[in-house]
Amino acid sequence: MTIIIEKPDLDLQIMEQKVQEEPRELVLDAGFKVQKSVTNTGFDAPEINSFGQSFRDYEAESERKETVEEFYRLQHINQTYDFVKRMREEYSKFDRAEMSIWECCELLNEVVDESDPDLDEPQIQHLLQSAEAIRKDYPDQDWLHLTALIHDLGKVLLLPQFGGLPQWAVVGDTFPLGCAFDESIIHHKYFKGNPDHNNPAYNTKNGIYKEGCGLENVMISWGHDDYMYLVTKENGTTLPPAALFIIRFHSFYPLHTAGAYKHLMNKEDEENLKWLHIFNKYDLYSKSKVLIDVEEVKPYYMSLINKYFPTKLKW
Ligand SMILES: [Fe+2]
Ligand SMILES: [Fe+2]
């Protein structure tokens, strides 16, 4: 893998300031209570996470609760339309690394999970657990297996060579910018501190968008989802549109769980959302103690990587 030496940083001064404030221990895929259940696909869902609590149960007595709330306070204040625009421009240079998908999976293992309340295994386990669970239930959708494997690779943004972004700019639930913040967004009250909240161009239901404009045209808060979407697109993947949709919107809980922002969707989004709903169950429930033997499944995933991606990607 070639890691390109990082340039002295962009105009991220605001962020660097914030990095200091950032709690070191954190959140993740956050916000909605999830009932213990078996999914309608027949996939057995573990009932509790690695910490002995229900998945995404942030109301549970949890040492992490305050940290999670503080995380969302920072996220809601700092994720503005302009911020996302700058991040997209900066990361669209793809000048940080050249590496294969598998190299990135291994690199992500360095991001040990302080950031997810449901997870204390290395990231590669979460990726493979999701992918293997989907593979079992949807054996013919190989693109979906690979999508699961790569959906969180954008978390490399936390590593120094990818800018060492603060948690609020990498993980957590995502939401659109350029239109009103929907009430269903977790810890909505903190948007009061977001400059966009008082901007008349951005604070109406449609904001800068037209109804039915399609989510592809909507700016979404910056994080591992949008970054991996850009990387995947830039490197000419042959994965279907539904895969790109899953990658970009898998943390968009206000849409896929609360049903908000549907007025911005077009026909294609409606089709893609069905796949995202399927994917999401595996993203949540596969965070379990069942460890996957990496070497055993690696050849299968390498064959999918070779089918859908070039050998080296620009990151
Ligand atoms: Fe994710
Ligand atoms: Fe995930």
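Along the chain as shown, the residues are counted starting at 1.
Glycine residues also receive a Cβ, built from the backbone N, Cα and C atoms like all the rest.
According to DSSP, Lys155 (substrate binding site) is assigned to a helical segment. Marked as substrate binding site by TrEMBL: Arg56, Asp113, Glu114, Ser115, Lys155, Gly172, Asp173, His250, Ser251.
Asp283 (Fe cation binding site) counts 22 other C-beta atoms within 10 Å of its own C-beta, drawing on all protein chains shown. Residues or ranges marked as Fe cation binding site by TrEMBL: His126, His151, Asp152, His224, His250, Asp283.
Among the binding-site residues His126, Asp152, Lys155, Asp173, Asp283, the residues whose Cβ lies under 6 Å from any atom of ligand 1 are, in sequence order, Asp152. Asp152 (Fe cation binding site): 26 other CB atoms within 10 A of its CB, across all protein chains.
In this structure, Asp152, Asp283 are the binding-site residues from Asp152, Lys155, Asp173, Asp283 whose C-beta falls under 6 Å of some atom of ligand 2. It is 9 Å from the Cα atom of His250 (Fe cation binding site) to that of Asp173 (substrate binding site).
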